[in-house]
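Written out below as structure tokens is the structure these notes cover.
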Amino acid sequence: MMENKKQRCGFVAIVGRPNVGKSTLTNALIGAKISIVSRKSQTTRHPIQGVLTRDNAQFVFIDTPGFQTRHGGAMNRMMNRVVVQTLSDVDVVVHVVEAGKWSEGDENVLPLLPPSDKKHVILVLSKIDAIKNKAELFEFTTRIMAKYQYDAVIPVSAVKNTQLTILLDEIAQRLPHGEFMFDEDTLTDRSMRFISAEILREKIFRLVGDELPYASTVVIEEWNEEDKGIHINACVVVERESHKPILLGAGGQHMKRIATEARQEIADMVGKPVFLEVFIKVRKGWSEQESTLRDLGYE
């Protein structure tokens, strides 16, 4: 088959330190929520592919976990490997840094970036709506550019959709020529079942304390589609018995709220009624054992 020289199609990695706004940016670029978001770091644990077809270009964005070296542990090692592997496989890298805030976490990402003469790397300065002094932004950008030779620097606000079109234009001209890999109406390669588990996990991240989200994960054990709706049995896996009462709350009210908010969002996504049952299981040390992580769907 001859290549369509007018079309461009390629993979784009969204990388950066934890909690820098990668998932928010990915969702804003695609125009749909395919990655869960919370204020807690390491919300993204799996690489999520989101697809955008725009004019003659198809972008396959890969929202990666935040790269970090502060914590060891099997799950963090696995997520870091995902980031490294993704960077080797894509056509364009988008390095996200919060405007005006450079940290040790950002510094740790720099050695992962491919040589600038080998791969296209674009620096995105996120949350520019919070920067009032443009001179400070220029100085900040100059300091970063001295560390790595980026193809381009684009300040954006994903929340306000500021300069996202410019960012897409910059990425598009760096994608290789080739046929589209996905149908033009495709938004993600992930199943509704996977996204539903992520939605439930997002509610846990948002509605419970600081410790529990990192010690919990979600597995969809049953997914049955019928004429009247979808029946879902979900299991929240925690590491200790002491986590169960935290998750349940007084009289089970905490879990009821988590399940209700998740059910409503899943129903909106699939466009039909959802019947969601949530159970809690204790699996001691699940996040420290790579074999267990693979059993639970981690890559």
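Cβ coordinates are placed from backbone N, Cα and C, and glycine is handled just like the others.
Range annotated as region 'G3' by TrEMBL, chosen from 63-66, 115-118, 183-186, 239-242: 63-66. Of the given residue ranges 42-46, 287-291, TrEMBL assigns the label region 'G2' to 42-46. Ranges compared are 98-101, 126-129, 270-273, and TrEMBL records region 'G4' for 126-129. Looking at 16-23, 104-111, the range tied to region 'G1' in TrEMBL is 16-23. For Lys22 (GTP binding site), the Cβ neighbour count at a 10 Å cut-off comes to 31, with all displayed protein chains included.
Here the region 'G1' (16-23) has, by DSSP, the following mix of helix, strand and coil residues: 2 helix, 0 strand, 6 coil. With all protein chains in the displayed structure included, the most crowded Cβ environment within 10 Å among the binding-site residues Asn19, Thr64 is that of Thr64.
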